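J.: Below is the structure I would like to discuss, written out as structure tokens.
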Amino acid sequence: MSKVLIVDDHPAIRLAVRLLFERDGFTIVGEADNGAEALQVARKKSPDLAILDIGIPKIDGLEVIARLKSLKLDTKVLVLTRQNPAQFAPRCLQAGAMGFVSKRENLSELLLAAKAVLAGYIHFPTGALRSINQQSRDNEARMLESLSDREMTVLQYLANGNTNKAIAQQLFLSEKTVSTYKSRIMLKLNAHSLAGLIDFARRHELI
């Protein structure tokens, strides 16, 4: 069965989570009451799942999530916290967590979330996901606004499948100039490939 690490600075919470998961057949491989200890246990035990409060001492939970991700462990993170989901769920997702459950929820919700996360799904409050999606759309809108008129034109040509040579002929530019525009556009839109540019253009109905 899956191996679980529990990280919370409240012993009663750790005990409740341990009992819940052990009853369901999970193996608890460690507990920690602070971020530094959590990272040590994670390195040593390589748990499948870390159930983590973000309001913990020494190293806060958001930093723990980021460090676990940088360590390239196969540990999925499920946040269990009293913090406001609207404010902290997006931050947890951006840091690398795969789930977020409020301590105000019934503990059975935590078990459902854990199973979803271990199966490869994300589990976040619906309102928080809407907030995350809106933030992403706002960021992309600002990226588009940073493009010059000429860059926007080149983007549309690229997104429609035109080669640098074809674009150069259409716009009476050199291929080198088109290539420079393409590089600038990819940098401004944080796209790492032509496919990424096309996806971006499609999301914003430019093609």
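Keep in mind that glycine also has a Cβ here, set from the backbone N, Cα and C atoms.
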J.: In Swiss-Prot, which of the ranges 35-54, 95-114, 155-174 has the DNA-binding region annotation?
T.: 155-174
J.: Could you give me the DSSP helix, strand and coil counts for the domain 'Response regulatory' (3-118)?
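T.: Counting residues by DSSP class gives 57 helix, 25 strand, 34 coil.
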J.: Would you mind splitting the DNA-binding region (155-174) into helix, strand and coil residue counts from DSSP?
T.: 13 helix, 0 strand, 7 coil
J.: Roughly how many Å separate the Cα of ASP53 (4-aspartylphosphate) from that of ASP9 (4-aspartylphosphate), to the nearest whole number?
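T.: Their Cα atoms are separated by 8 Å.
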J.: Which one of the modified residues (ASP9, ASP53) has its C-beta surrounded by the most other C-beta atoms within 10 angstroms?
T.: ASP53
J.: Mind checking which residues reach the DNA-binding region (155-174)? Cβ under 8 Å, same chain, six or more beyond either end.
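T.: Residues 147, 182, 185, 189, 194, 197-198, 201-202, 206-207.
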